[in-house]
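Trainee: I have a structure I would like to understand better, so I am pasting it below and will then ask my questions one at a time.
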Amino acid sequence: VQSASFKIVNRCRYTIWPGLLSGATSPPLPTTGFTLKSGKSRTIQIPRSWSGRLWARSLCGQDSDGKFSCVTADCGSGKVACAGGGAKPPATLAEFTLNGADGLDFYDVSLVDGYNLPMLIVAQGGTRGGCSATGCLVDLN
């Protein structure tokens, strides 16, 4: 039984603030939000049986009272960590179910909550199933 790891890479020309939300029956992750400067990456360990979503917030900052917020995909926590809050549309979402039916991992990039940034998922180390890259790299704005 092994955990997975997600390497989040910022290929935008500006800083983003990834947000993560575990599904209702999934264990919490070690982080729910962080800053990721342009060209940088961060790897997060994910429990073996996990479902949830990941998104990138943009145009973020703090007001004079220290409240953190973002123009796109804000999670409403008032902090960099989302603390259980999901993304407010528009938000490009990466959705995952690890160790799902037949022990397979499922993933997609969803525009159901709108589009704010290009996103691509590239699976590595898979032994069954399609494991192809998926996403939307075109700036739809």
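Cβ from N, Cα, C; glycine included.
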Trainee: Using the record from TrEMBL, pick out the residue from Cys60, Cys75 that is joined to Cys70 by a disulfide.
Mentor: Cys60
Trainee: If you count, for each of the disulfide-bonded residues Cys60, Cys70, Cys75, the other Cβ atoms lying within 10 Å of its Cβ, which residue has the minimum?
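Mentor: If we count Cβ atoms within 10 Å for the disulfide-bonded residues Cys60, Cys70, Cys75, the smallest count is at Cys60.
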Trainee: Using a Cβ-Cβ cut-off under 8 angstroms and a sequence gap of six or more, which residues of the chain neighbour Cys82 (disulfide bond)?
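Mentor: Listed in sequence order: Gly19, Leu20, Leu21, Thr32, Gly33, Cys75.
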